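Asks: Straight out of TrEMBL:
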type: DOMAIN; residues: 33-285; note: domain 'TLC'
type: TRANSMEM; residues: 48-66; note: transmembrane segment
type: TRANSMEM; residues: 73-94; note: transmembrane segment
type: TRANSMEM; residues: 125-145; note: transmembrane segment
type: TRANSMEM; residues: 218-236; note: transmembrane segment
type: TRANSMEM; residues: 256-277; note: transmembrane segment
type: REGION; residues: 292-319; note: region 'Disordered'
type: COMPBIAS; residues: 309-319; note: compositional bias 'Low complexity'
Amino acid sequence: MLQVLACGVVVFPGLFFVFRRVLPSIFKQWTDADVVLVSERLVSSVHAVMATTAGVIVVLACSGNIMTDRYWLATYFVIWYGVPYMTYDIYAMYLSHYYRFRVKGHEEYKEHSLTTVNSFVRREFLLVLHHIALLTILLPVTLFFRRDQGDYFIGCLFLTELSTPFVSLGKILIQAYRYRALVWKIGRRASSVRHAPLCNELEALGLQDCWIHKANGGMVLLSFFLCRIALFPYMYWVYGRHYGIPVYGVPFHLTLSVNLGSLCILAPQVYWFVLLCRKGWRLYQRQCHSTAAAGSQDSSPLPPPSPPSLTDSQPKGNH
């Protein structure tokens, strides 16, 4: 068991360590916060690809009888990589939080302490709770309480990670465009972009006009909705079809613990999806306003005024 567990214990922290050493040699202008953030996102993407691949394999292997068909990967992937990753990711998220505030000059972040840990837990409470819930609920259910049934549904849950690479790519694109701005040394823009709020960063770097970012944003919303929200009604529908009951009768056919577990996993996904939609809508409105302003300047008989600096054009706001 310890040898099996060591697979994920070594892989994810090892990749994180390698990325933290390699990235500064490539992107020399990045701060520690930039390096830790991108390293965390890259490792998350690696785990997401592994989990999605495992999910596809399990679902295809167990599609004959969704209740009794077995596939070894449904259980052992959780042990080999699921538990080590969730444990590692809590620590990686803390490091990202710590260096982000340390770069901004917060006095209490000069060294690690209970204050920094407490601040991290308070600011990222939902994410921390999500990880702990998976460790304390999904693991026992996967190993002890399924009575060797339902590998198909475990595979479906693995598929929720499909959206993670697209979410991570959005963060990495911001870092890449930030680095490009620094390399090109566009006046004083680089220093103002470094600490700009997310939506303003996109405008300052011109990233909201980049087709890659637009396409990735669409994939984030689509994959997140399909694999983290619509997946749960689908699993209820498949279960109902297997037993010949309508989908609205499935919750009454399942135990209360199963329904509560599904609800606890689904609720934060809906919350995060709403946040993603709101962020996308704000970026869309910002782009429409910018396009309208540019059109009015082009149609004006007077010469347009000189463009303001980035620091002047950025309203105050939260990430």
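Glycine is no exception: its Cβ is also placed from the backbone N, Cα and C atoms.
Remember, predicted model here, so these are calculated numbers, not experimental data.
Please situate the listed features within the shown structure.
Replies: Listed as Cβ neighbours of the transmembrane segment (218-236) (distance under 8 Å, sequence separation of 6 or more from its ends, same chain) are residues 153, 156, 159-163, 166-167, 170, 247, 250-251, 262, 265-266, 269-270, 272-273, 276-277, 280.
Long-range contacts of the transmembrane segment (256-277) within the same chain, counting only residues at least 6 positions beyond its ends with a Cβ under 8 Å from a Cβ of the stretch, are 126, 129-130, 133, 137, 141, 157, 160, 220-221, 224-225, 228-229, 232, 235.
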Asks: Kindly state the mean pLDDT of the domain 'TLC' (33-285) in the predicted structure.
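Replies: Mean pLDDT, the domain 'TLC' (33-285): 85.
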